[in-house]
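Here is the structure we will look at, set down as structure tokens.
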Amino acid sequence: MAPITNGAPAPKKRIAVMTSGGDSPGMNGSVRAVVRMAIDQGCEAYCVYEGYEGLVQGGDLIRQAQWEDVRGWLSEGGTLIGTARCKAFTERPGRLKAAKNMIDKGINALVICGGDGSLTGADKFRGEWPSLLEELVKNGDISTEQQKTFQYLNIVGLVGSIDNDFADTDATIGCYSSLGRICEAVDYIDATAFSHQRAFVIEVMGRHCGWLALMAGVSTGADFIFIPESPPDRDWEDQMCDIISKHRNLGKRKTIVIVAEGAHDLDLTRISPNKVKDLLSTRLKLDTRITTLGHVQRGGNACAYDRQLSTLQGVEAVNAVLEATPETPSKFIAIIENKIVRNPLIEAVKSTQEVAEAIKAKDFKRALDLRGPEFAEYHQAYMMTTATDQPALRLPKQTHMNIAIIHVGAPAGGMNSATRAAVAYCLSRGHTPIAIHNGFPGLVRHHADEPVGSVRYVQWLDVEGWISKGGSEIGTNRDLPSKVGMGETADCFNIYKFDALFIIGGFEAFTALSELRKARPDYPAFRIPMMLLPATISNNVPGTEYSVGSDTCLNALTSYCDAIKQSASASRRRIFVVETQGGKSGYIATMGALGIGAVAVYTPEEGINLQMLGRDIEHLKQSFAKDKGQTRAGKLILCNEHASETYTTEVVASMIREESKGRFESRFAIPGHVQQGGTPSPMDRVRAVRLAVKCIQAIEQYAGKSKEEIMEDDLSMAVIGVKGISVVFGAMERLEREETNWNHRRPKDESWLQYKKTVDTLSGRPRPEDCCTSCGKMR
């Protein structure tokens with residue numbers, strides 16, 4: 001369609017998308033989502049190339065995007081439409097040109113993915129829009145009819161920033177990918193540091209924001225961190241050396257210190273990596289090296305979470321544009337805990353800028369508060385678990401508890417991170433952590449084994465290196481208390497005088513806790529507080545929308561599918577049907593499909609039938625028929641292992657191959673236990689730490705209470721979960737009764753089901769109502 005230059009109203013809403021500021025992994029996912037969602041909603045989509053520079057220059061730098069133009073973009077790093085600094089846009093003449101170019105193209109809505117500077121410029125542009133149009137009319141550049149047609153400009157922001165430095169959102173597009181680069185580097189460095197008993201000082205990005213340094217500290221178990229929002233005390237040199245010396249005296253062979261590039265002391269004097277290195281070398285006589293990670297933190301493909309986040313936020317941005325009125329203030333799309341929300345843009349920009357102002361004014365408490373409650377909780381969790389000898393944290397002796405820790409179910413990334421955090425927190429508070437090895441069978445059958453039984457008192461050095469280890473270091477087992485003997489289980493609780501039980505695991509762990517709750521009237525030993533931290537790749541535990549281990553699984557599945565898709569792309573005319581794990585929950589299949597851009601996804605919740613297969617096969621035929629040699633042509637379908645007893649992954653692939661009549665190939669692939677992942681993802685590590693600390697804090701509230709008081713409290717047996725915008729504890733009795741689908745081993749209401757429609761929309765999968773019921777062809 002030709003650009004509008006004669007004042008005629010645009011026949012459809014035209015939505016432009018651009019990326020601005022520093023690039024971040026996931027930006028391409030947001031562009032793809034905006035383009036395809038806009039087209040699906042009957043709008044026209046445009047891409048602005050080279051950021052605000054393209055908006056000012058106009059011409060071919062603003063061009064219409066078609067559905068196929070963004071194929072394969074999810075797996076690409078950086079930004080494929082470019083970004084550039086633009087001094088011209090900071091001045092009114094530049095913004096005047098940008099307004100003229102947009103009107104020439106008929107664009108009346110703009111979605112911008114960038115940092116606070118980019119979004120501040122966007123809101124200013126919208127505020128000036130009416131006066132810019134008046135000036136353009138006065139200069140004769142546009143007609144009064146055009147002024148009337150384009151009198152309102154809708155702007156929606158997406159925050160793309162590896163620093164995660166934007167207010168009113170828990171995560172920005174690209175931050176977890178960047179954190180993944182840091183953790184991977186530190187894990188590598190950790191090995192050589194251990195081998196040579198060295199100390200490493202690692203500088204990470206973050207001039208005004210310490211999120212990357214803090215989260216790297218939490219997820220790697222660093223000995224000390226320096227962040228701008230919370231400078232160390234004036235005696236920080238003595239404090240750091242004291243902590244590191246204690247760790248070394250306990251037997252730790254390595255030392256890791258994380259320094260944000262904007263780190264400083266209470267007087268705002270910069271703390272450089274060289275200063276820290278010199279201190280460790282001269283005072284502690286440690287062989288110390290510096291590693292500055294630099295722009296490697298910004299590069300590479302987006303992790304699974306950033307692909308999902310950018311996609312969901314891109315879709316929500318289009319919805320926000322379509323629902324906006326002239327009176328609607330500019331919004332940006334945020335995520336709070338597990339929920340995508342729209343927040344006021346200008347207030348968030350103001351709060352973001354206030355952090356730097358608070359730091360400059362040395363009001364560090366305000367700076368920390370402005371980062372939000374999640375940031376503060378992670379900071380507190382790090383401070384409580386980085387060192388166990390902290391007299392200020394120690395509770396009175398009469399409140400000390402024997403806290404047993406057990407893993408139940410299949411292994412999941414982050415189990416060890418949660419265990420390490422729980423042990424460190426217990427020791428810092430004066431509690432006695434007790435590890436039960438190999439689940440309930442280990443407890444009952446092997447607790448008295450010689451020379452070492454399955455019930456072991458844990459010291460800090462035992463778990464110090466576990467944060468980056470996958471699987472379960474204390475072992476995990478699916479067998480329930482009822483199988484090994486309820487009476488025998490109770491006897492063991494009494495023998496070792498358990499005051500509380502911290503369970504880490506999946507649906508089997510949930511079932512075990514249910515059994516223990518129901519057995520409370522008959523066995524007084526079970527009348528103690530018990531908390532469950534959901535940890536399973538299937539993410540099927542009632543009471544939470546997120547389980548530790550599911551993000552690690554999705555990263556492993558995404559990497560696997562990227563490799564498979566590359567094979568399919570090389571052959572051009574090939575589709576792979578990939579089988580995912582997940583039990584009878586389609587979470588992994590659906591979120592995996594969202595992150596890789598699958599053609600279709602089959603889940604147990606929806607099942608598979610002949611009509612569905614017919615529609616999908618017909619869609620594939622049409623798609624391959626239209627393919628005239630475009631790159632990135634490989635296609636994938638994700639199929640949950642229990643989507644259908646009849647139409648298995650192999651059967652689906654065979655049916656597609658048969659119906660293709662040689663026009664394209666069809667293969668199936670089963671990643672199997674590869675999906676459990678190796679090294680836990682940063683998200684699973686940090687969330688495991690945060691949730692584990694919260695669980696032990698909840699257990700502490702029952703210290704000194706009688707068994708009767710504990711039994712009367714419904715929350716004395718609870719599941720910690722992320723639900724919507726909150727972290728909550730759900731009482732087991734209520735969860736069992738109201739929220740559990742026992743037959744299918746999953747929650748009754750699964751929040752992620754809404755994303756199944758998003759997968760179908762962005763893949764172009766035909767809707768049932770748009771197809772012939774007999775042949776599957778589009779009507």
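Cβ coordinates come from backbone N, Cα and C, glycine included.
Now, the feature entries from TrEMBL:
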type	residues	note
DOMAIN	14-321	domain 'Phosphofructokinase'
BINDING	ASP116	Mg(2+) binding site
BINDING	SER161, ILE162, ASP163, ARG198, MET205, GLY206, ARG207, GLU261, ARG289, HIS295, VAL296, GLN297, ARG298	substrate binding site
ACT_SITE	ASP163	active site, proton acceptor
REGION	388-401	region 'Interdomain linker'
DOMAIN	402-699	domain 'Phosphofructokinase'
REGION	402-779	region 'C-terminal regulatory PFK domain 2'
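Using a 10 Å Cα-Cα cut-off around ASP116 (Mg(2+) binding site), the binding-site residues SER161, ASP163, MET205, ARG207, VAL296, ARG298 reduce to SER161. The Cβ of ARG207 has fewer other Cβ atoms within 10 Å than any other of the binding-site residues ARG207, ARG289, ARG298. Here the binding-site residues are MET205, VAL296, and the one with the most other Cβ atoms within 10 Å of its Cβ is MET205.
In sequence order, GLY21, GLY22, SER24, GLY114, GLY115, ASP116, THR172, ILE173, GLY174, CYS175 make up the list of same-chain residues 6 or more apart from SER161 (substrate binding site) whose Cβ falls under 8 Å from its Cβ.
DSSP states for the region 'Interdomain linker' (388-401), grouped as helix (H, G, I), strand (E, B) and coil, give 6 helix, 0 strand, 8 coil. Per-residue pLDDT, averaged over the domain 'Phosphofructokinase' (402-699), rounds to 94. Sequence-distant neighbours of ASP163 (substrate binding site): residues of the same chain at least 6 apart with a C-beta under 8 Å from its C-beta are GLY115, THR172, CYS175, SER178, MET205, GLY206, ARG207, HIS208, CYS209, TRP211, LEU212.
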